[in-house]
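Colleague: This is the structure I have questions about; it appears just below.
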């Protein structure tokens, strides 16, 4: 008997571990896709020539997909086969990833914005006249015919970003079952003391996904979008240029394949498992009857026949019980406060992570590929280490809800301090003649496109719409060779050099070099030192913030009624992603657009993606928004902590009353109803504290 009694337990442990490994790999795959989308934001913005506000809408489409189905999946999914639902969700996610990559194969080759002075043959050695040859560009500044614009847009497929929007929304729909059903399934069938450790393992493994996503994003950002289809020697821009577009589509194909593989194990897992550590003589009976706490309040106590049980619980009955369950859930004041706190914090986090690569690019002069690389190699390992540390602290010191709340609020305050310090280490605006600084030797009135014209280039009749930057010997960037007043050029492709540029100041040294090379000038040396300090503060802040991740999640799990666990997690995901995931990229992007100094021009005319921002205004807008949201989140954490402490004191007093026999006396005197009403919320909502 002893040997037989061990068999079910071994099977239980192996299946639970299989589910744990499968869920961790799935979290890795979905986090990989989410991070890669964030790392590709800049490339997608440039490829489709759209502003940051529209990029925010595309990025928020993932949460929109979640919004459509999360409430139904989290509630009705708890009554169904949870592992299979997660597997189906993975298939939907993979399909969405493939759809996101589809526009690349439907569009023509990418044509970046450039001035006519560059339109020379790759093998030509003839010199051209950038300034004098641009007389016909003045007509480019005039408003073109609307019909011609529409015909052009139809030809180049300028609305192909809709595929990215729809594919990302499908990814959001497929991701829906993973969190509420996966975490509740794991928590139902594992020991209570093991749950924090299992969650830490899942989130730590999941954090490898963003690392891989950002690293792949960094590599593909250096790979030209049409690699294999165009002659790379004819490309006059490098990956450091604001017009460069990397092979963004390739990463979504890789991610779709990985997610497809992650779906396989879930179709071979059972609907339910015995509770970890419990020995059952009949393994089959254990598997059939040991349904999770979520199901106990909805499924009647039937006999062994699983089919009869499923037929008894009709869809109509589940719908009828949905609204009362929501009322019970939101009567829990602590649960409501947790959602509000998370909502504010997630607003700040989503806005920050969406535009962090752009921030590093504009403020510190980093290339998009390098920004993605540093986030993947430095910030994300710090976050993973923080998750492990938070889970270890809970397990090592055996902290309850109050202890977990203390760890979370301390981490939130520490991360806020690191964020506040980041604002003091920044670089000045890039020196671009006519935009951020005056032409040397000429006054500048204000930030306006008309200041691109100066007496030194007035005779060239240059277009002010083009962004084709060149760098002069003195570190000054000019918006185009024509606006720099360059008379002749030598070389081809990336090696092209412009000479006799009349706008390059020679007052200090008449014999100075009056030539310029393609591309924007790099930032000064002191900017690199400030960037290193910024990255150190950013990494430290990421670690401290992540230390509060697992404790914060335990506060949520232990503050809700067991039979409402899936619904509570689903509603939390629904609310936080709806109001914390969709709006931030949109309003962050819209406000960031207001700091743009030079807009690009679409192939068919009209405003394209921003090429240059006012870095001071960008920094104040970006960090100001995040700082304000984090201040509010910390204030809410303080209120939440006070509520948790008060609830804990009530529970302690109740336990003491039971020990002293006070409650027994009340029952004997017929006043049991008064006592139950007084502590009803405590018993139902936080019985596990």
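Glycine too: its Cβ is placed from the backbone N, Cα and C atoms.
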Colleague: To which of the residue ranges 314-333, 334-353, 414-433 does TrEMBL assign the term transmembrane segment?
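Modeller: Here TrEMBL associates transmembrane segment with the stretch 334-353.
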Colleague: Examine the ranges 485-508, 509-532, 533-556, 557-580 and name the one recorded by TrEMBL as transmembrane segment.
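Modeller: Of the candidate stretches, TrEMBL labels 533-556 as transmembrane segment.
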Colleague: Mind checking which residues reach the transmembrane segment (334-353)? Cβ under 8 Å, same chain, six or more beyond either end.
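Modeller: Cβ under 8 Å, 6 or more out: 38, 412, 552, 555-556, 559-560, 568, 571-572, 575-577, 579-581, 583-585, 587-588, 622, 625-626, 629-630, 632-633, 636-637, 639-640, 643-644, 647, 685-686.
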Colleague: Where, among 84-106, 197-221, 247-269, 373-394, 533-556, do we find the most CB pairs under 8 A to the transmembrane segment (16-33)?
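Modeller: If we count Cβ pairs closer than 8 Å to the transmembrane segment (16-33), 197-221 scores highest.
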Colleague: Mean pLDDT for the domain 'Major facilitator superfamily (MFS) profile' (19-650), rounded to an integer?
Modeller: 80
Colleague: Using DSSP, tally how many residues of the domain 'Kazal-like' (450-505) sit in helix, strand and coil.
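Modeller: The domain 'Kazal-like' (450-505) comes out at 9 helix, 11 strand, 36 coil.
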Colleague: Can you see whether the transmembrane segment (247-269) and the transmembrane segment (54-78) are touching - at least 3 CB pairs under 8 angstroms, only pairs 6 or more apart in sequence?
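Modeller: With fewer than 3 qualifying Cβ pairs, these stretches do not touch.
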Colleague: The transmembrane segment (84-106) and the transmembrane segment (533-556): do they have three or more Cβ pairs under 8 Å, with pairs 6 or more apart in sequence?
Modeller: no
